[in-house]
């Protein structure tokens, strides 16, 4: 089998093709934003804590769950009351946030949150303290100050004394506890720590200086020990952190926990000259972009800018080393996300980072034939293009160039350049006369959806060299399409969840396959890689049939595909009052559109549209296309600017009998959306006024992101920006629901709950309104959004009467005696249970023959005709056997959910000669209600 065409863009001749061992398509569906991430593993989760009180966790190293976004917003936030809990920090540094935190578990089992800040730049005031909690997510209780610096500290000199921020803890080989810290100013320091208190041991002042700062742009120290190489590794970030500041990661190492630390050239940063600091350290990674080549799937690959402030960990479960860092991106301004890359140690013991984000790969053993090929190479420089020195300078990642590692050991970069495999993992590459030592490993190229070979190496001056094989798919092999196993319709009992896997009966390693939802109920989750499906119906979805259609397609040729199609009946449910709008006809009364036609909608969010007493200029009813066209206005609920002109329209809950305690569900279906600009927002709201609401939908960043947020007293709180990209070309569905006091938010099936998902400030209010909105806070360019439908349902606690319950009431009355009305009871003693009598449409109180049934022989087949009901809760099965009542009878026909229709159905059975012309049919009926 082959996964790639190894194309050589040079005159080199290649021999052989390697076989990539990894065939599964990894998926990255949830990213998170934590600046300056510091990692700690707790159980199966990797947590990162960073600046501003933000945190997140992952259990697969690919998909993230955001925990907190700031010191004031989280689920949970880590300090109950930031201003009072950390009052000394607030007073000293005049702070309203925190900077790069570190959480470390000491031997007492408690978690110690090392917090810090430096915000008053004019007097260099910084503060570091520690708080403690019994649990990793807190809340944390303040223990006290560790260090403070700046004006007011006797003798403080910012050129030589430290900025008391960016702490991280580590242990030496004797299990002694240490801290490294520092940023800019006087440099990087280490302190010996007391394992019993979490504070520094006395008498150290600032500690030991391991890097001479003198104002150099160096920060974010992290130290860890590798017992295999017997070195302590010091990771740092150089440059400014903005997207155009060339933030980059560097590495030094030492045999001792407190230095001296040296780079590959033997330079000691503790003695670095003021003007030469940029040349010190191994460049672990800086900004980069792998440029596309003809034939690759992606011609607009991601560019990474200012990656840094990293932390590392060796996973004890796998033995793999991982680098956690934040990064910005070309074209996305200052937006940042966490990334994880695996890294390795070369033959000289220097860490080298994989070129692509971790996707579950495990380093194998490779031959030269496996590795030979054309690569997009990146050489990470030591130069720093800081925006202070290049005013207005554009972001400047390092771009890739194509080089060939040929089968004869030559490299296309220059005459005389060579490469060789030292063993099955280590590689030596000479490029432009410089020897780079590194490792090879298969990598998932997520831009091009292919497993490729990659290499990562470092040279004697500390510059790192990456290579990512050209991701050109081999389409010359067997391209037979996938074949999905059919899935029968499913009747789901009330209270149960759907959990199944879609099976491809014809796997083909020549294809790069991904599952995709074509149609599904809101909230259904699909693993695009494995085909795993899960769904927990909302209360408003109970008692209904839901269509599911899922496609498995080749990413390079979407016409190579197969679909699976089935229906799910979510049984049970509650009585409810509903207002439903499809905008296919003019309504009666209520809010009028721009030309005076009734939209059918009856209420505005209080405080919006105040001047639209007659016609609303932002609304147009388009009956022909079944849409309400909603025009955005320049407004923002956060701060209340312009809300009086916004059209936030819908239905007052009170119209549906809402008193404040009932559960509810609000669902809006939007048509395809185009043209959104920075922080434009479209979605659904529930609230009592423009300054008291919760909302969900789309927030336009560099791409459409999921939004979930509360607005209280006119200020947005607990905001979540789900940084998975949403495709708005096929429309958008948004749901806000409350069930048993729990709020849920779905944006195109993805949960995008605010950081505090329960909107408790709305729970006691009876004057809620729900509807749709479209706002453009930062621009006056009106966008028109089509609303296809809006449904608002107020649920009661009264269970819905099902069809079989209605039938039982008709035959047995409201209060039947025991042993009469149960599904398995047989009050007329005719051998048919009530359930079977119901399913066949016969009288349960009359011992009669099946008046609706007929058995006859037609063309040598036994044909049984009986009445079937169109109740989706029923499942019918007919089994055939040669003996009556045979437990091993074979199912020959079934009907459930969407197949069930009122009326006669004919079931045919073969009459095998070997049974003497005998065949016995038996009917089985089940119900989920």
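Glycine is no exception: its Cβ is also placed from the backbone N, Cα and C atoms.
Nobody curates TrEMBL annotations by hand; they come from automatic prediction.
Computed from a predicted structure; not experimentally measured.
For 1-23, the entry in TrEMBL reads signal peptide.
Counting every protein chain shown, 27 other Cβ atoms lie within 10 Å of the Cβ of residue 36 (active site, proton acceptor). The active site, proton acceptor annotation in TrEMBL covers 36.
The active site, proton donor annotation in TrEMBL covers 219. The Cβ neighbour count for residue 219 (active site, proton donor), using a 10 Å radius and every protein chain shown, is 29.
Look at TrEMBL and you will find 355-467 tagged as domain 'Extracellular endo-alpha-(1->5)-L-arabinanase C-terminal'. A mean pLDDT of 92 is what the model gives for the domain 'Extracellular endo-alpha-(1->5)-L-arabinanase C-terminal' (355-467).
Within the domain 'Extracellular endo-alpha-(1->5)-L-arabinanase C-terminal' (355-467), the DSSP-based counts of helix, strand and coil residues read 4 helix, 51 strand, 58 coil. Cα of residue 219 (active site, proton donor) to Cα of residue 36 (active site, proton acceptor): a distance of 10 Å. According to DSSP, residue 36 (active site, proton acceptor) sits in a coil region rather than a helix or strand.
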